[in-house]
């Protein structure tokens, strides 16, 4: 029987099991199965996945994230805010501004601290990727993929594709509560045009500075929030002429609000909370 200490944290209800790999050891070959086991709501702790906080050669810390199906993702906005909180509060970093390595690249985090606790984290998510090769999508072309039709159940849905280090398909609807989240979501997620699968967002524009947001996450299904998805939604809204670049947009997710801005300089900034749920020790056994 093996075990490791963990901290369960959430960003707007998007919860992960966080493991400090500066102190813990999980064999590389076991990571996918451990992520699946620990995320199981019935036989594990229950979460949207597992995130490892690891040493890095190019930044103070490195984030590796695994979905609850065991697949490894390249980035996670809500996860990055929680990693920033953990790293600062556990003295893995000294300054309130620092970098975090991800499989999608290096991002910059800035934490707001009150009485030694991080109350808010802002992440510079970098520039969005908009070509088919960068997303990735099948097909050729260097222009952004904006409002292309997808036929499902005799209805045409127009989506815009954006990568924030992971792929997103953003669909505008009149009412997110009536959106085909659990039906169209998994169909588009696994469509052959997306070789690495895709996260699917449904967006309801409220005004020039607010939107409602629901998400079907690649490898996790319906979740309360998706930070990279919120970033992709704002980028897609600006590409479609629905919002103005440079303004801070309030994204209303099922779990709460994020503040997102696509700056004139090109990067996307995400600001929001990160919370600790509980801490403990998880025991597991890998069958031979």
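Cβ from N, Cα, C; glycine included.
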Inquiry  = Quick check on the annotation: Swiss-Prot has 14, 67, 77, 78, 199, 217, 218, 227, 228 binding substrate, so which of 40, 166, 267 does it put in that site too?
reply    = 166
Additional residues surrounding substrate, by Cβ distance to the 14, 67, 77, 78, 166, 199, 217, 218, 227, 228 centre under 8 Å = 73, 75, 76, 79, 215, 220, 223, 226, 229
Key: Set of same-chain residues at least 6 away whose C-beta sits under 8 angstroms from residue 77 (substrate binding site)   = 11, 123, 125, 164, 226, 227, 228, 229, 230, 231, 258, 270
Request  = Find, for the listed active-site residues 76, 226, the residue with the lowest Cβ contact count at a 10 Å cut-off, counting only other Cβ atoms.
outcome  = 76
Query = Within 10 Å of the Cβ of residue 227 (substrate binding site), how many other Cβ atoms are there?
reply = 27
